[in-house]
């Protein structure tokens, strides 16, 4: 028989150790059961039985065909090539620079004379026959009126009532509705009547340098058999003398055949309406100089000198008999004065005292200057008045009164004639109290991004002693006021679909035209 191995007898220490282990296991089991009943531990998942475990079949092996060896990968650096990202980056940069240069070239000022026939835009060609002889001429609530027939009826002053009835009686030009009279390509920034009294001849400058010309004496070419809405739109000539916004226009009374236009492209051009040539009247010495012009004016007594302001706060004086591109040492014809640290939005000379000038600035001031004693180093104004917000424009009339518009929603009128303007001695100054406005008209001037800034414009030679000016109304009207702040008329019509923000008077006739952001024209006569 095989010999069996006897189990050795445990010592007292080992017996005690085994008892301790058993006691510990029992305690752990008890604690685990109590924790599970209290929800602290989840029950261990049940182990799958061996019968439920199935072995997945091994995938079938597919015999691979012999393939040609793949070339070994090499980096672009080892192959002597630039990384693709660098090539793409360089290509994108080159394309960007090319586009930037093309855009800059498109907006760059064109020097020299321009033949009008070469800058005509669109199908309507330039026709100078209708312009011959001009050189011999001496928050807005839509359609909600703030002035109307009831106001006229309540007028007690006989002369004022007659004038209100006369101005309110102006009628919208009938042959075409405003939405069919698109005079330029983009938003209108400036407008002007030709001084001729024989017919309403209207000029409009837009945001991109187009100049539109409308002869409002034309009539629709309509046959009797045609339906009323089938006759063609009015004939409008559009040319492009500038490469940027036409901000201001002027015709000197001694030479009505020339139209001067100032632009954000830093130049002033003189368009000869009879010779059909647009000559460069002023431009900076270098074509790379960027000096956007905000306004132009001329003294009635001097047809040779141009005055202009810039968006950089400068005021310039240019004698057209000398080239503006001459070197300073050769007797340059241009003199600059920095009148403001910020943009000058508009300015005007006093027609009867042209050595006095008014400027309106983004620095919230309207200032009056004496050009006879204007220093290039430290120019000092005759007087100034500060508004709570920026002042957009300052317009002088023939009597020495100034009308301004401001973003504080007001039109302010300053009567310098009553303060002895024509008798002022050189170096005369006005105190703060003397520069206070004589009349303040509440007027919505919050034009926003898509409406041209509202500017008052006086009638140069009215047919009565009452001075008057017109200004666009955000409710889609054109308002007419006197120099004392009394409203004469509110011109409008249901067919006007945009704000006629740019509004101007004819020099002598009671004709008013308004231009909109959609380049449409509203004409009252």
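Every residue, even glycine, has its Cβ placed from backbone N, Cα and C.
Swiss-Prot lists 53-62 with the feature compositional bias 'Basic residues'.
According to Swiss-Prot, the compositional bias 'Acidic residues' annotation covers 223-232.
Residues or ranges marked as region 'Disordered' in Swiss-Prot: 38-86 (among others).
Swiss-Prot lists 212-233 (among others) with the feature region 'Disordered'.
Mean model confidence for the repeat 'WD 1' (183-224) is a pLDDT of 93. Per Swiss-Prot, the feature repeat 'WD 1' maps to 183-224; the stated evidence is sequence analysis.
For the repeat 'WD 2' (241-281), the residues of the chain that approach it from at least six positions outside its boundaries are 106-117, 119, 126, 128, 131-132, 134-138, 189-192, 194-196, 203, 205-211, 289-298, 300, 303, 306, 308, 311, 318, 320, 507, judged by C-beta separation under 8 angstroms. Residues or ranges marked as repeat 'WD 2' by Swiss-Prot: 241-281.
Sequence-distant contacts of the repeat 'WD 3' (288-328), counting only residues of its own chain at least 6 positions beyond either end whose CB sits under 8 Å from a CB of the stretch, comprise 244-245, 247-250, 252-255, 260-268, 281-282, 334-349, 351, 354, 357, 359, 361, 369, 371. If you look up Swiss-Prot, you'll see 288-328 marked as repeat 'WD 3', on the strength of sequence analysis.
Feature annotation from Swiss-Prot assigns repeat 'WD 4' to 339-379. Long-range contacts of the repeat 'WD 4' (339-379) within its own chain (CB-CB distance under 8 A, at least 6 residues past either end) are made by residues 294-295, 297-302, 307, 309-315, 317, 385-400, 402, 404-406, 412, 414, 416, 421-422, 424, 426-428, 430, 435, 453, 455, 460.
Residues annotated as repeat 'WD 5' in Swiss-Prot: 384-425.
Residues annotated as repeat 'WD 6' in Swiss-Prot: 448-491.
Same-chain neighbours of the repeat 'WD 7' (494-525): 140, 143, 166-167, 170-173, 177-179, 181-193, 195, 197, 200, 202, 204, 206, 212, 214, 216, 253, 447, 450-455, 457-463, 468-474, 476-478, 480, counting only residues six or more beyond its ends whose CB sits under 8 Å from a CB of the stretch. The repeat 'WD 7' annotation in Swiss-Prot covers 494-525.
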Folded-back contacts onto the repeat 'WD 1' (183-224), same chain, C-beta under 8 angstroms, at least six residues removed: 121, 130-131, 134, 137, 173, 175-176, 230-232, 234-251, 253, 256, 259, 261, 263, 265, 271, 450, 452, 501-509, 511, 513-521, 523, 525
Residue counts (helix, strand, coil, in that order) that DSSP gives for the repeat 'WD 7' (494-525): 0 helix, 13 strand, 19 coil
Three-state composition of the repeat 'WD 4' (339-379), taking helix and strand from DSSP: 3 helix, 18 strand, 20 coil
Chain residues outside the repeat 'WD 6' (448-491) and at least six past its termini with a C-beta under 8 angstroms from it: 139-148, 151, 159-160, 163-164, 167-168, 170, 172, 187-189, 345-346, 351, 392-393, 395-399, 401, 403-405, 411, 413, 415, 438-441, 497-508, 510, 512, 514-515, 517, 522, 524
